Every structure is written in structure tokens, then in C-alpha cells.
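See structure below.
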Amino acid sequence: MGLRVALLCSLFGVLLGQGAEQISMEDCCKNGQKHGTDHEDCASLPLISESTTCRIVQEQCCVTVLEDKMCTNGINTAKDQGACDSLFTNTCDTKTTKMCCDCCTLGKTAHELGLPCDHNLSVGHQCNLVSRACCVEGATAHQRELPNKDETTENGDSALNNQCNGKCAHRCVGNDTCACFKGYKLKPDGKSCEDINECLVGASNCRGGERCINTEGSFRCQREVSCGTGYELTDSNNCKDIDECETGIHNCGPQFQCQNTQGSFRCLPKVQCGSGFIQDALGNCIDINECVSQTGPCNRGQICVNTVGSYTCQRNSVNCGRGYHLNEEGTRCVDIDECKTTENVCGGHACLNMLGSYRCECEAGYMFNSITRLCEDVNECRHYPGRLCAHKCENTLGSYKCSCTTGFALAADGRNCDDLNECESTPCSQECANVYGSYQCYCRRGYQLSDIDGTTCEDIDECALPTGGHICSYRCHNTPGSFHCSCPVNGYTLAVNGRSCQDIDECVTGSHTCTENQSCFNVQGGFRCLSFECPNNYRRVGETAARLERSEVVRCIKSCQPNNIACVLDPTHSVSHTFISLPTFRELPRPEEIVFLRTTVPAYGSYNFGSYDVKFDILEGNVDNAFDIIKRVENGLYVGIVRQVKPLIGPAMTVLKLSMRNLTTQGDSGLNIVNVHVFVSEFWF
């Protein structure tokens, strides 16, 4: 590799004189070597010159350093470990290292077996160099050990070495002077020896066309141009023909015999074919077609007929072309009238004879095919798409026919399509409306179109609709296409709107059963007969004969007998009875006012400045605290409001006993008792 660098430097030194930059090639090479040594990489090589030759020298010198280092590592591995199995060959770097390791192992093995170090193997140029160097180094090391084993030799080297006190690396020539073996020179220290590169100093005797390769202590000549296929290089650097037949590397089959030639070989058939046959590549004899391989083997007017192994010549007969045949004399060709000789040649169409041929005159809707010579049907639907029929076109033999899609009927012209009135065939169960190309079914009020067939009308159950609970106030009854409402049997009648239930006021209509001593009170869905008697010292006032109002009041006021001190001192001034009808389970989003207790007491009187007041209380009958009473001012007077705050459960009757107490600074001025009879009805409309 050192020779390679030297040759590069000398070559590019010459090239510098051809116009490149004035820079030394040695500097380019040293720069490449330094970069390879420092970075162990030549991919990112910085250029020191724009010269192409300098760049090449840099790269090659850098690569040489890396290759030398990798090869040295492989050689050292072979020397130290004696094996190269630890090296992998995944990259180019490790391949070079392993190659040098393996080749050095070959050289060491050659030395151990006593083989010559310059023995050439077909393992490559660089591998041969490494193998020879390791072999020579082993031989040199063995030679250096010999004087230590034999103290006396024929030439007296041992004695001379003793004269040099054993300091010489190779041999001692006396007077404390060292010398080296052939192919080596003495180093400046006077005792060590280094290899002489005969290739650089011109001491080789290589011939033209050979390249000098330095080895340890010697050199060898390598042919620069390969010998080529079929030749091998001898130890004397000459090219020798390879006898493929002798070495058995030919590919001749069992039917052939190998014959060596210079640089190649030939396969000669063992079996010789007779006249009229030729041997193929497998050694088989095949017939020769003399009519093809030879030019004019027969005389004029004759035709050649090939036979197995030979051929024959026959007289040439008249050959008429298609559409002609020989006349009866066999002297000339006459036209064939295909229209007469061939039955129904045109398949029912008119036939027109022509010289050597014929032609069919096709009917309308057919076209003559010049290749098949037949009349073929013309597909009008494909040739004239969208122009023949309004909707669908169907091809027929010699013609076509039109058809329409669903909902249409073919018009009188056989091409257009008219809308079909499907409603005439009564496809719908109730109402039908014709539309273009189809129809639509409708239903009367109270019916809906079926989701299954889209034509049948089904009754709508209005009572089952999400809003069915609000259609009728009491009970809903579905009927085909409609519905009707009903009310409870007793106490109610259906309103004019046909949905609500109106309470029957039995007290007004006179349908009650109360006696003369009883008072009739109307409630939702019925009536109540109640008897109210005023207590002692009280008399009834304010009762009306006509009971037209929803609420009736029976009022008793105190009427004391003369000298009745207890009656006078009794704070109760009046006792009244009233009634009200309320529904069961009524929704109460907020408290509902049901009774008003009115007074004649001004809320903001000018006298006593607020020392006068009214107090309202519920004394009895407030079941489950369903009622409360509040006080407020209306029209400048105090009023008590009884409210329902909770729904009442089940039909029942309860009596709320209310009190209105007038308060003054001097004490109670009067107590009024109001008995409210609450009738709880099961229904509320």
C-alpha cells in the first residue's frame, strides 16, 4: 500500500504541470493521511485545493491509511489469537480486517508446514501479499532463534555474534559490527534491520506487463493483465491453457466427447448421423428439411416434398384460389357461384355473386359482415342510445321495441310514454291522487296511512295518543275515524263542547230529595241535605229562598233575652254555616284560596291609630294540615283568606271551624264563629 501512495504522488506530480493549482502532491497526500489517522473517516474530507488531482490524492491517501490500519488490526489478531472467528463481516471495515487476519493465518500455516512463502494461491492480490509477509516474518523469527540454539556453525556466525555481545538483530561480522540478511538493511542504531523495498529502489527484475510487489526480505512479480477465461497463471508468471476435459469442468453431455482447445473446449458427438439428418444439442439425430434448407432442390415446374432423411420432387398441379375451382378439363380456374352451390348461404337474405366471392344484400335492421360474410343484426338501441325510445329500448332481430317504466303506458306512436292514472284502478283504500308517473294515497280525518303498504288507511285511536288523557275530561271512547266522551252516570252531564262534564245542580233543578226542614247544598256530582238550627239566644238571618250560588251561608246572630247576663257577656256575636265542594287529588302548584272571611273593620282607621285589629284562627277540622288561614287588606278592610295547601284524599266531608276575633286596647270586642263544611268530591271538572 505504501507503493500505491508513492505511485500516486509521482503520477500526480506530473499532472500538476498540466494547469492544476501549484500545490505539492506530497502535501495533498499528507493531509489525507493525517485526516484518516485523526478522524478514521474519509467521507467528510475537507478539500485544501480546487484541483481535482489534489482531491483524488487526498482521498486515496486517506483510504490507504484506513486500509493499512484495518489490515494491521487483522494481522495482529492472527498473530495474537491465532484465529479470526471473533471478527464479524457486517461492514466493509470489518471485512478488510477479517480478510487480512485470514490471509495472515494462511501465511503462518504455510511457514509451519514448510511451504515456500512465495507460493501463489488464487486468493487475490492483497491476500497473497499479507500471507507472504506473515510467512516471511515467521521464517525470519525462526532464523533469529537459530544462533541461540547452536553455538557452533560452519561459517562461525555464533562466534562472531558473541563478538558483538548478542546485540545484532540478524548477524555479526566482527569488531562489534552488525550486518543484515539479504533483502534487509541496517538501521541507524547499527543493530536493527529493516526490509528493503526492492520495488521502490528499482532492484527488481520484473518484466514488461508485470508489477513489482514488495515482500518481507524480498519481492515478487505479479502479472498486471489477467490471463482470461480458459487460462491460468503459472508460478513463472506465464499463462497456461486449462484443459477442461482433463479437469472435468466441461459441460458436455453423455452423448458427446470432450475435445480440448486453446482457452476452451468442444463437444463432439459420439454417434454420427446418416445422410439427411443432423444432430441436435442433445446428440439426437433429427431430419433435415431439404425443401427449406436448400435453394431450388427440384427443377422448374416441380414442387419439393420433404421425406424422412431425404425429399422428392413432384409435378406442380394447378391450384385455384378461394372462390374458384378447376374446369372439367383441369386446364383453368373458373368462378364458383356460391349463391347457387351453397344452400341458404345468406341465411334468408338476398345473395349477389361476385368473381371469386359473393355478397349478401341484407334486409333492413341487418348489416353485412365482410369477414364472416353473413348478415348480422344491428343493435339499434346501442347505435342510437336515447334517440329511439322515450324510456326503455329493447333490441330484437332486425328491429327494436320500446317499453315504459312503472307508472307510464306506451303511447300510440310506440316510442313515447304517457302518464298512467293509477287511481282509476282504485289502489287506495280511501283517497287517491294521481301524480306524474305514480300516485299518492290519502286518508280521511281520523285515519292514517299504513306504514306497511302505504295504501291502506288505519283508524287513529285518539284516546291512545299522548294527548288522549286531555281530550275528554272523564272518559274517552274510540270509534272508527273518531271518538266520543262520556261522563259519570250520576251527577254530571256532557257539556256543549262534547268533551267536558258539567255538574248538575240538583238544588236548582229540584231533583234533590231534601225535606222542607233541610237545606239543599249542591256538590260536584251530587248534593247534600243539611239541617242547621241556631243555638239558644241566636236567630237566623240572611237566608235566601233561591239558591243559585255555588256557596250558601246560614248565619245566626246573637239575640239575648232581657236580663240574660250570661248571654250578654258571651263574646260570640255570630255563628255561621257555609259549605264548599273540593276535588280529590287536585294538583296544587301553589296554595289555592277557597274561603274569604270579610269584616267591616278598616285596616287603617283614623281612630286609635292602629290600636284596633282582627285575628283569624282555625279552631277545628284541619285534617292533615291541609288548610291554612292568612290575613290581608282588600279595599281598605281586613279579610281572612282560607287556603288549601295540600290535596285531599278520598271522598269525605270535614268541618273547618274558623274564628274572627275583634281586638281593641280595652280587650276583645267580639267573636264570630264560621263553620265551613268541606265536601270532598271524587271528580273535578
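Each position is counted from 1, following the chain as shown.
Note: Cβ is positioned from N, Cα and C throughout, glycine not excepted.
For 1-17, the entry in TrEMBL reads signal peptide.
According to TrEMBL, the feature domain 'Anaphylatoxin-like' maps to 28-62.
With a cut-off of 8 Å between Cβ atoms, the residues of this chain six or more beyond the domain 'EGF-like' (335-376) that come close are 321-325, 397-399. Taken from TrEMBL, the feature domain 'EGF-like' applies to 335-376 (among others).
Positions annotated as domain 'EGF-like' by TrEMBL: 419-458 (among others). Among residues of the same chain six or more beyond the domain 'EGF-like' (419-458), those with a C-beta under 8 A of the stretch's C-beta atoms are 405-409, 480-482.
Beyond the ends of the domain 'EGF-like' (459-502), by six or more residues, the same chain brings 444-448, 524-526, 683, 685 to within a C-beta distance below 8 angstroms of the stretch. As annotated by TrEMBL, domain 'EGF-like' applies to 459-502 (among others).
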Statement: Averaging the pLDDT values of the domain 'EGF-like' (335-376) gives 85
Task: Mind tallying the domain 'EGF-like' (419-458) by DSSP state, helix then strand then coil?
output: 4 helix, 16 strand, 20 coil
